[in-house]
Amino acid sequence: MCIVQCMQKIILAFLLIAVSKSPSATQNSIISGNSLTSVTGTVTRVSSVVGGDADLPCDSRPPQHNDSLLLVVWYREDNPVYSYDTRVQGPTAHWTDDAFAERSRWLGLPNSALHLTDVQSRDRATYRCRVDFQVSPTRNYKIALDVIELPNKPVIFDEYGNEISGVAGPYYEGSDFKLICSVHGGNPIPQVQWLQGETVLATLSAGEIQLGPSRSLTLLITNATRSHFANTFTCTADNTLLAPPQRSEVRVDLYLRPLTVEILSREQPLSVGRKAELWCKSTGARPPATITWWLGGNQLTSKSKQQISYKQMEMEEANETQSLLQWTPLKKYNGQVLTCRAEHTMFNQSSIESRLVLNIYYIPVAEMHLGSKMNPNDIEEGDDVYFGCEVDANPPAYKVVWEHNGIILQNNPSHGVILTGNTNLAIRNVSRHQAGEYTCTASNVEGDGKSPPLQLQVVYRPVCRRRQIKMIGAALQESSSVECEVDAFPLPDTFEWTLNNSFGSIAVDPDRFTIDANAGKSILTYIPVSEIDYGTLSCRATNLAGQQVSPCVYTLLPATRPDPPTNCTVYNLTHDSLDLMCLAGYEGGLQCVFVAEVWANEGLVVNASNGAALWNLRRLGAKRQLKIIVYAANARGRSEHVTFTIETAPRLSPRTEAHEAWEVNWAVGGVLGAACTVAFILCLALVATRLRHRSRDYEVTMQIAKIQKTTPQKRQSPDDRNPDLIPLNKGAESPPDPPHYSTVVNKQNVMNSNSLHSLVSTQTPNTPQPHNPENQIDRIGINGTARLQREVVTTRTPLLAAHQESCV
């Protein structure tokens, strides 16, 4: 038996080899094999979608343990399309029909099947699988492949036939709209549905027949509300469970009216001139509402900020729009209504408003006025003046302050200043000193508001701008000038000059002086010819209020060389420098220069000049005996010298660490001592200066009077006996006589033939002399010597008319 079985296997092997070598013969034998075996009657159905994969099952397991697979052949409608021969090694063991080229592959054990990829509609058919074994009989299986054609993706149209992609609309809130879903293709016929979320809104079943290749389903939405805004509606087409339904979605967009509007920033009050930021919020509008700000019927400029939300559950808070008003309030807006208006341009009658009554704080506005029955142009000295202050403020002013020329006025009835409440001021018996600018300042929490100044004009007669008698140094044969300045309201337009000398009082011809009505002054020019041309000048001005009561008085004195400086003090003395300060003497009625010379044995070391008797001398050398010479000089000559000797300090040697610690306390003490010394000297100088200015009129004149009383009638020099120096007015109030001077006027300059006794016609010099500025010079007496103040005026113009030719 074993030998017989072996022979059968060998014969079958040869047969299979022959079949494999001749494909046509193999196929014929396969086809003819149908008569040898029966086909299974059970049909297995396999479904797949177009473009998908399909596994056609075929059991290739041998029924016996001693058996094995020999050959697998697939037929479509009895036409072979695929085979797998186990007798052949390599890729040639598989054979595929052209229709399944590169789309079919045999899957072996344990789940043997024919795997198809990219299934096409033409693959729909009934397939048979034939399995040949070496020993067991051939088996056949029937498999029906159902190929499902999916419908195309639904296309959504609006009621006007326009295709919608993504967003439907926008539609108006409260309107109706339609959505049409169109589905093309599909085998079997698909079912079409409209969904909102998981809720089915409309269905077109597969059993409902429609003409044409497409199926359409319409969704009608009536009276669209805010709940439809931003909702997603889905159209699905489904004809199999093997693939998800085809879907198309649209999101509904609506124009929505604004729901609310509110002014968020309601903090009051606001302040004038301080930028305020006000926010207004509107919700519910789609697209965002247009927010505008209105005040007094005028639209204000603002900035908007949109915050849009699509949250369905929070629709009342969605679509928020905020507007920022950056605004600087004005005073006139106080009490007005600020309106924030939200409106939608797509809707009629959709605007809503929020209102805010403004409370605006502002700095008080003050305005002054005179009493109702007062004429501002007719207020004279001795009248009573009344002021009122009108204040406009929010919040109300808590105080009002009155000022006169920047000085705060206090209630002082004894001096005629009476404050009634906060808004009234009365001045009793007003004087010219109380003329000027008056203001009232009202205060509240916002600040202080000052009224525009109210100019109070008090009519009064002219008075001298300088009360003291001026000493004027005048040189013979040189032009000089005298300036008469007065204060008056209104300014004077008339001046009168008078010369008092030994010949009496002489009126000056108006041609000899000029009048500056805008400045309230008159300038008189003259040329002294002889000693008798010196005397006293008086000036009177006249305005609408009358003539000046007390004239301005000027004493004319001869110009001389200066007196020497006195009380010289050296301080800040070092090894190489020092500071020198002296008291200046009488400058001789001319511009004066103060000179300090430092001499050593080898000659002049330093020569310094200054306009004041104060020097800072440097580079003197260490440990040297120095002689300092100080004098004053003007155009008339030099004063006598003041000489004194000093010794500079030695140069400090280099310090060691041992000396530094010991000397630091001495250095600090020296600095403090020097500072105290300088401060003490400056204080003394300041006190002396104040005393000098305070008593320069009366003290000087009293001392001069004493000297004159003690001076004998017989005089030894022309300067000591000057008969032309006589007072302008005799009596108790007459000014004192001018002081005597030791400087002798050169008799060569005296022209007796041209003196005041004999000159009749005026004399005008052909060559004008240089004009020197007026200088005020103090003469400080030493050991009881009188202190004099002189002023030099050098403008050349003839003075008198026919009475005399010499000019003052």
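In case you wondered, yes, glycine gets a Cβ from its N, Cα and C as well.
Pulled from TrEMBL:
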DOMAIN    23-144  domain 'Ig-like'
DOMAIN    154-251  domain 'Ig-like'
DOMAIN    258-359  domain 'Ig-like'
DOMAIN    364-457  domain 'Ig-like'
DOMAIN    473-550  domain 'Ig-like'
REGION    708-743  region 'Disordered'
REGION    758-778  region 'Disordered'
SIGNAL    1-26  signal peptide
TRANSMEM  666-688  transmembrane segment
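Predicted-model confidence for the domain 'Ig-like' (258-359) is 82, expressed as mean pLDDT. Outside the transmembrane segment (666-688), and at least 6 residues removed from its termini, the chain residues within Cβ reach (under 8 Å) are 569, 571-572, 581, 583. For the domain 'Ig-like' (473-550), DSSP puts the residue distribution at 6 helix, 44 strand, 28 coil. Counted as Cβ pairs under 8 Å, contacts with the domain 'Ig-like' (23-144) are highest for 154-251 among 154-251, 364-457, 473-550.
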